[in-house]
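Asks: Below: one structure in structure tokens.
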Amino acid sequence: MAAAATRCSPAAAPPRPVRIPRVRVRCCEDTLGVPRSRRPTHDTELAQSQRFPELVTPYGAASYLPHQQRYPPPPRPRRIVLVRHGESEGNVDEAAYTRVPDPRIGLTPQGWRDAEDCGRRLRHLLSTGGGDDWKVYFYVSPYRRTLETLRGLGRAFEARRIAGVREEPRLREQDFGNFQDRDKMRVEKEIRRRYGRFFYRFPNGESAADVYDRITGFRETLRADIDIGRFQPPGERNPDMNVVLVSHGLTLRVFLMRWYKWTVSQFEGLANLSNGGALVMQTGAGGRYSLLVHHSVDELREFGLTDDMIEDQKWQMTARPGELNYNFITNGPSFFTHFTHHHHDKHKAAIDDGTGGSATAPS
């Protein structure tokens with residue numbers, strides 16, 4: 001049987017070598033000392049504003065599009081008010097947590113009264129000491145008891161007084177671990193007392209340190225909202241804007257800890273707000289927020305502030321945004337044991353006579 005003939009194709013040309021561009025992969029250490037890329041030009045910023053129009057506010061968004069800024073930045077809210085929810089079903093019956101998810105725990109009849117009383121106190125506070133165009137913007141935890149507290153205290157305000165509301169999950173209660181066994185939870189809280197309130201993490205839940213992390217993110221959101229004028233409707237710049245956070249006891253204490261840079265030991269010395277209770281951070285003469293503008297020294301001591309924390313609040317009353325209190329206890333000397341009492345007394349005297357204690361920080 002004859003073999004089938006095969007046809008030989010001409011030899012293919014050898015492939016041309018492909019030049020692969022050299023790519024240098026840098027780790028973060030390689031970028032130290034490398035100049036940053038140049039600032040975007042007006043043309044690139046204009047193109048970005050067309051692609052992302054939400055970044056352009058009536059006042060401009062200075063952090064994104066400085067060439068688009070047509071107005072001075074909006075005024076800061078006059079107050080940031082921290083409100084704890086009214087009395088809840090879980091406050092009077094711990095067994096409620098064994099049959100109802102924590103986010104669905106509602107207010108008791110007394111809790112509704114707490115909320116309405118708080119609303120009347122808030123209205124009196126916000127309507128005194130300023131103009132007649134005051135308004136309020138709310139951030140609220142999505143839990144049922146905080147939403148009901150918002151509705152209760154909101155009865156004290158007409159619609160024109162409410163600039164807006166944002167439901168903010170980062171303001172939720174510390175997570176204690178889904179459905180709770182009452183007896184087991186009592187054991188866990190005793191262990192927390194011995195371990196430390198800030199670092200103890202409940203099984204399947206959170207520690208106060210975990211809450212601190214998410215509150216840090218919320219604080220940055222709040223600062224950005226203040227900077228871009230989220231509370232200021234177009235054409236209505238209002239120096240009598242107020243912000244109210246409706247949240248939970250531990251979450252609000254962590255917020256204060258993060259805002260004022262308190263230490264763990266200072267946090268653990270704080271008392272809980274009462275149901276429907278409030279703390280007021282109000283701008284002082286220099287524009288920074290201080291607890292002492294509205295509250296007395298005795299009230300802050302009752303809440304758990306130490307003498308050093310109160311001295312810092314006095315400094316906050318007159319300091320300007322961008323300044324730092326270098327003599328505050330958390331900024332240095334208190335962490336060391338080899339400084340003499342004379343050195344500490346010298347710094348304290350400088351604060352008392354007004355010759356030291358602050359410096360302008362770079363923005």
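Using the three backbone atoms N, Cα and C, a Cβ is placed for every residue, glycine included.
Quick paste of what TrEMBL says about this protein:
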- HIS85: active site, tele-phosphohistidine intermediate (ACT_SITE)
- GLU173: active site, proton donor/acceptor (ACT_SITE)
- ARG84, HIS85, GLY86, GLU87, SER88, GLU89, GLY90, ASN91, ARG145, LYS184: substrate binding site (BINDING)
Asks: So which one is it: of the binding-site residues GLY86, GLY90, which has the fewest other Cβ atoms within 10 Å?
Replies: GLY90
Asks: Counting Cβ atoms within 10 Å of each candidate's own Cβ, which of the recorded positions ARG84, HIS85, ARG145 comes out highest?
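Replies: Compared across ARG84, HIS85, ARG145, the most Cβ atoms within 10 Å surround HIS85.
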Asks: Max Cα-Cα distance in Å among ARG84, HIS85, GLY86, GLU87, SER88, GLU89, GLY90, ASN91, ARG145, LYS184, the residues listed as binding substrate?
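Replies: Of all Cα pairs among the recorded substrate binders, the widest measures 26 Å.
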Asks: Measuring Cα to Cα, how many angstrom lie between GLU173 (active site, proton donor/acceptor) and GLY90 (substrate binding site)?
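Replies: With distance taken Cα to Cα, GLY90 (substrate binding site) is 12 Å from GLU173 (active site, proton donor/acceptor).
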Asks: Near the Cβ of GLU173 (active site, proton donor/acceptor), how many other Cβ atoms are there if near means within 10 Å?
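Replies: The Cβ of GLU173 (active site, proton donor/acceptor) has 22 Cβ neighbours within 10 Å.
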Asks: Write down the Cα-Cα distance for the residue listed as 'active site, tele-phosphohistidine intermediate' and ARG145 (substrate binding site), rounded and given in Å.
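Replies: Distance between the two Cα atoms comes out at 6 Å.
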Asks: Are there residues of the same chain, six or more positions away from SER88 (substrate binding site), whose CB falls under 8 angstroms from its CB, and which are they?
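Replies: The answer is ILE105, GLY106, LEU107, THR108, GLY111, ARG145, ASN275.
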